[in-house]
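Participant: Would you mind keeping the following structure in view while I ask a few things?
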Amino acid sequence: MASTAAPLASSQEKAETGNISVAVRIRSWLGSPEPDPCIHREGENSISIRPSSRSSVKSFTVDYVFDSSDLSDSASANQKALYSEIGTKILRNSLQGFNGCLFAYGQTGSGKSYTMHGEPGTYSGEHRGIIPRLSRSLFAAGRESVKQLRMWVSYLEIYNEHLRDLLAVDDENRDLTVMEHPGLGVYVRDLTEALLQSPEEVEKLLHFGNRRRAESVTSMNPHSSRSHAVCRIRLECQPTEDGPKLRSCINLIDLAGSERQEKTHSTGSVLREANSINQSLSALGMVIKHLVERGPNTVKRRATRDSHAAASWIPFRSSKLTFLLKDSLAGNSKTFMIACISPARSELEESVSTLRFAASVQEVRVSARVNVDRDEQVLRDLQLEIGSLRRQLQSQQSKNVSSEVATLTRELQERERLVTDMKRTYESQLAASQDTLRVREAALADRGLSSSEINAAFGVGDDTPYMLNVSQDPMLSGSLIYYFQPDATTIVGSSPNECQMVLRGVGIPPSLCQVVNYANQRLTISLTDAGAHAGGRVLVNGKILRPGDPPRRLRHLDRLVFGRAHCMSFIVPTSREANETVTAGQGAVYDDFVREIVHDDSSEAFQELRHYIGDVKNKLDEQQMAEFLEVLRSICPLVDEANDMTTELRPEMNFRFEVELIWDVYNSPARDLVVIRLLNFHNKEGDGVHATVLCYWSSQRFRHQLDLMRDLYHRVEIGSVDRRDVRTGDFFRTIEGRLLDAWTDEPADVKTQTEFSTRASLNREIEQLKDSINRVPTASTKRNRRSTILHSVTGTKHALVLPPTESARAEESVSGVTPAPGVEQSDREREDLEKKNSELRALSAWLREENERLRELLSAKTASQPVSKNTVSPLSNTWAALPPSLEKTSSQTFLPDAATSRLMPTLFTA
């Protein structure tokens, strides 16, 4: 059934106008409290921030402040206190016929999900969030305070402007559309709505939706923290026997993390990519800005009617989130916002950004009206619209206008569907909801997932071993449970037809591995033949399962990674430690999985570089080598993941990512020694397979490109992007596809690529340049010579050593920064020395500026050339690329060392 908002009330009813109510919640400390906190609660509705003892105090005044930072303090604001202030008001408003909205805003990890849902994995106890508390209060009011109460619930996710129905029972991910109707308000077409009779049914649906979110994980990207979860409750209430029937709709929204782009150091095209990913929050901020400017408190005056119309226009349709919240933000709703912040000093900038946004939201005014049931009137209006659309359709068909016919046909079908839904009786809707509930349970069982009903139906005992999912998002950790039946073999893979435990993602073929349970006493895991042949990937405690390995025994609390995304913790209930560990927070061990993945030496990219790592080891000290290996081990699994996704998404392009080392390693920062190159392999007639280097990326740039690949892969898996269009390349010819194309780069000058490879360590080489110039006096002063540095992009020359003069003394003085020991300096020599020192300081400052700028330049496409694996690019050794004449220079000619040559790549002439 489609989700519909409550009908709009007539203008004759009195509206209640007021500002959006804003609350700030300070989450608890993750570690030990700081001795001098920078965030303080001042009274009931004020919060102050003082970054340091020398800085001024910034104060923010809101409607409510909840300080939950000190859990040991009895006055700390817990979940119950939060609900009693905000949740009870939403409850009272909804029973009186007012629409309501509550959205939680803040950075990732600030406590939004905990505030809305509660402790991960449960909707009971003192840690219950606002949603489960509100649902229980609504059903209690239905029994005690009102004559009749009916409730419909829907649950959806918004990710990258794609709406996903979390209550759908099929695997088909329909492309949901936000619609608006004058009589029905804003609603989502084809969104599943469940008619419920108890709070337990609400909690089951939320569990089901969270399982769907956890199942859709396809990479190590925490996509749940970058998506919005929207729970919509639609009510039909009759307070008294003779009173009118009231309708209301409540939007409860857990927004995505609001991290600022500065925190991720995103610039240029990377910033545009991040903006496309987080379009909804950007649009929300723009809508709030327009609403504040439109408010009655604005001091701006409109000179003309056109300018006034432009100022009053609000861009609600710029994103699906803002369109969905149109009534909540500027229409018929009583709206609340909870701004969640961290007390940590390290997150101060994010907290201040959140508080500023909250201050803006607080200035927005909304006007709410009581929504009286007008189903009969709305039905009559819809019937009139259907008649009008049919007449228009017949007229356009006679004119043979295909575009108009298609549009009118869609509108007519939508109106007819709305009429059909509104005519359905309560009993038929209830029966359909109960049938759908049973189908959901069966769907969970088909994928190997467990619930209390499945366990009871299939007789799963308390001693049956199982796996729990572990996620970076605490709300999703523990939401997936997979049991292993005794004396049975469980196949794990992506095919629902072949496997009892169905997982989808990178590195998971249709049949991946099998788990054999020997009477609950011993369980083993091994790759299937098909999984080994397809390159399936399974890690057990950080060690990879290889083809041909004997079955490996599983023990209590073993950590398993299936493919490159699904992290699982293996639980044996009969183990002595089981009772203590299963109740612990599963999200806390996610970092253990990440560390094991990073230190997995089985990475293909890492294995290919083993021979070269030995050469680097001879040039670095122990600390530098440890830092270098840490960087290399962290990037190699990501390169493997990129290759796996490339093989699956774009197999026809023959792309491959490889790690390359820069060999001038002395005193270089570890991250500067590793670059990633993208190769395109192709057959050359009569000459075998060749490869073209398409681009070089720094490790940081590669990580941004990998994020794009992960987002595209996720969208393909959930069905918002057609896999065939990606494989054929048609998708990348669209505007959306160009934004998500991680295998291309913006064009740049070829010389930019040279600078990237040859000047990755400029900070260190500025100091080595000074030492090299100091050694110049050892060269013969009788020989004319000149040394300059040529900027490889602008062509600007910078003199390092002045030209020789006719005077031998002048030659000796200008040939170096410092005179030879024991030689007295003349006035001319001192002047020359000061001049060259000044030039050197200016050059050093210029090089530092260039270093920062060049790190942001895009890499260029190099000329097509045969490339073999692990071959060091010629760009990595500039001195080797100098003209042959310089290689044969006599010993009397100044020949710079390797460090200086990298800064003087062009002109060293005698």
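The backbone N, Cα and C atoms fix where each Cβ goes, and this holds for glycine too.
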Participant: TrEMBL lists coiled coil for one of the ranges 48-101, 210-263, 372-425; which is that range?
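Facilitator: Within the set 48-101, 210-263, 372-425, TrEMBL attaches coiled coil to 372-425.
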Participant: Quick one: of THR108, SER110, SER113, which of the binding-site residues has the smallest count of other CB atoms within 10 A?
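Facilitator: Minimum Cβ neighbour count within 10 Å, taken over the binding-site residues THR108, SER110, SER113, occurs at THR108.
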Participant: Which state, by DSSP, holds GLY111 (ATP binding site): helix, strand or coil?
Facilitator: coil
Participant: Would you mind listing, in sequence order, the residues at least six apart from GLY111 (ATP binding site) in the same chain with a Cβ closer than 8 Å to its Cβ?
Facilitator: ARG25, ARG27, SER28, SER68, CYS340
Participant: Counting other Cβ atoms within 10 Å, pick out the least crowded of the binding-site residues GLY106, GLY109.
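Facilitator: Selected from the binding-site residues GLY106, GLY109 on minimum Cβ neighbours within 10 Å: GLY109.
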Participant: As a test of the contact definition, list every same-chain residue at least 6 positions from LYS112 (ATP binding site) whose Cβ is closer than 8 Å to its Cβ.
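Facilitator: Sequence-distant Cβ neighbours: ALA104, TYR105, GLY106, ASP254, LEU255, ILE338, CYS340.
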Participant: For the recorded ATP site, enumerate neighbouring residues of the same chain (Cβ within 8 Å of the Cβ centroid of GLY106, GLN107, THR108, GLY109, SER110, GLY111, LYS112, SER113, site residues themselves excluded), in sequence order.
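Facilitator: These residues sit around the ATP site: ARG27, ALA104, GLY257, CYS340, SER342.
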Participant: 10 Å Cβ neighbour count around GLN107 (ATP binding site)?
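Facilitator: For GLN107 (ATP binding site), the 10 Å Cβ neighbour count is 23.
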